[in-house]
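Features of the protein shown, as given by TrEMBL:
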TRANSMEM  96-115  transmembrane segment
TRANSMEM  187-206  transmembrane segment
TRANSMEM  212-231  transmembrane segment
TRANSMEM  333-356  transmembrane segment
TRANSMEM  376-397  transmembrane segment
TRANSMEM  418-436  transmembrane segment
TRANSMEM  456-475  transmembrane segment
TRANSMEM  496-519  transmembrane segment
TRANSMEM  539-562  transmembrane segment
Amino acid sequence: MEEDDVYTKDGTVDYLGNPANKKRTGTWRACPFILGNECCERLAYYGMSTNLVLYFKERLHQHSATASKNVSNWSGTCYITPLIGAFLADSYLGRYWTIACFSIIYVLGMTLLTLSASVSGIKPTCHGHGDENCHATTLESTVCFIALYLIALGTGGIKPCVSSYGADQFDDADPVEKEHKSSFFNWFYFSINIGALIASSLLVWIQDNVGWGWGFGIPAVAMAIAVASFFSGSRLYRNQKPGGSALTRIIQVIVASMRKYNVKVPNDKSQLYEIADTESVIEGSRKLDHTDELRFFDKAAVVGQLDNLKESVNPWRLCTVTQVEELKSILRLLPIWATGIVFATVYGQMSTLFVLQGQTMDTRVGNSSFKIPPASLSIFDTLSVIFWVPVYDRFIVPVARKFTGHKNGLTQVQRMGIGLFISIFSMVAAAILEVVRLRMVRRHNYYNLDEVPMTIFWQVPQYFLIGCAEVFTFIGQLEFFYEQAPDAMRSLCSALSLLTVALGQYLSSLLVTIVTRISTRNGSLGWIPDNLNYGHVDYFFWLLTVLSVLNLIIYLVVAQFYTYKRAVGTLR
């Protein structure tokens, strides 16, 4: 084997800082440790979050709308903090050390949450429906929320880095390894849902039937195992060097463009400033070819009279084409990125209104006395993902490839669009189910019945459809934002994809607030009262259906005009 074929060509290094050896590092030999870490971390996260709305409602004794909003706000924060982790990973620490440091914060948060549900004095003393006059103390609520937001901070350093870190194990310059990268994203999401499967079945049952201390303690142990799994593979990992502050580079382009507001951009792109070397000046990044969109920012690369190329160039006056194209790449992503917000709002209903809807239904399994916790119905979302990932990877891709000629069967943009389409039917299924349930309530005067004699398993279609939509949209987003991100901004762009989930949760919270305020005028109980038998959750689901249809139309328009990134040269 030639020496050039021994080492990766994408700029990655091993744990000692030496060029990464292809035969000893990366690819599927390193991925089991990353996938194991993700599986255990997601088991911990979903084991704690899946049933959280009922913990707020029954143990902290919050109203349905309040509990739903608190879960949405916390979940949203879990998907905003990745911006912090991504900035540190891309700019200074690198993905490995960012994951390592924030994992410690995560474990501390999980430990404190376990203590808050177990130790007298900070453990809530309310016990569900029978304690109408019971309210959690300020101390009990404060400790609980401190723990939850420590977890939100910890997960912020892991979420944006771990999928990108796994993809870093495959050399973009090697055609064989690059082909495996697309498959990695499918199996990465598969591992997430293996963890979620255990969480939504076993752990939710433990929380409902054994106790919240054990129900939160087991996820804390799972998180500790996740950290151990990650560190175990350290010698096998390939690491991308941090490229310096991405935010600074973006601001430099904006400032330089504004300073040259009156400068005309030449028609000949070769007159724009770029270093002659095949390597980019940005650590861990390839050079980017010039594109014709957003030409205003090309002004930053126009060489002016005050720019002395023989001396050190002032980056606040003159930027390279690659630096300008970094900003353009981010801006081009934003319209498609924005359409993920409504999808995330739909996805977020699984941990809020789907659970509250299920709580009003017959939770018995068949004719037995065993009752399934309402939050455990999310197991069918997980099973759907586990079913569809291998089907997509092994069957849909080869069949689609014959028709489209695309190496991945479908483009990432096509894949995400299919997921948005499927998600509409999930909301339709949830709305129709609630219409049927409320008709039964009114026909038989079941208003004050805790569980309407209608099996909870009628919720399976709405969960299964969301799982199918996830395989197309969320996995498509993971791959799309990694591939289309500038090399030195991949964690940041992964964080942007996660930010749609945060904004989706906040949008859900905002919609609940607006709907509650409007629908409770004149003393009405509103769409989402504490007793859903008096409410109209179906109206809320129909509202999300309409928003999803409008969102899909917008997506189809913006997807038509998307320009793909064009990387040239080699990595530094």
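Heads up, residue numbers simply count up from 1 along the chain you see.
Cβ atoms are placed via backbone N, Cα and C, with glycine included.
Curation plays no part in TrEMBL annotations; they are all automatic predictions.
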Any contact, the transmembrane segment (496-519) to the transmembrane segment (456-475), with at least 3 Cβ pairs under 8 A: no
Stretch in 96-115, 418-436, 456-475, 539-562 most in contact with the transmembrane segment (187-206), if contact is a CB pair under 8 A: 456-475
Beyond the flanks of the transmembrane segment (539-562) by 6 or more, those residues with Cβ under 8 Å of it: 332, 335-336, 339, 342-343, 345-346, 349, 353, 413, 416-417, 420-421, 423-424, 427-428, 430-431, 434, 511-512, 515, 527-528
Cβ contacts under 8 Å made by the transmembrane segment (212-231) with residues that lie 6+ beyond its boundaries: 33-34, 36-41, 43-45, 47-48, 51, 55, 59, 99-100, 103-104, 106-107, 110-111, 113-114, 117-118, 123, 195, 199, 203-204, 206
Beyond the flanks of the transmembrane segment (376-397) by 6 or more, those residues with Cβ under 8 Å of it: 46, 50, 183, 186-187, 189-190, 192-194, 196-197, 200-201, 204-205, 350-351, 354-355, 358, 408-410, 456-457, 459-460, 463-468, 470-472, 475
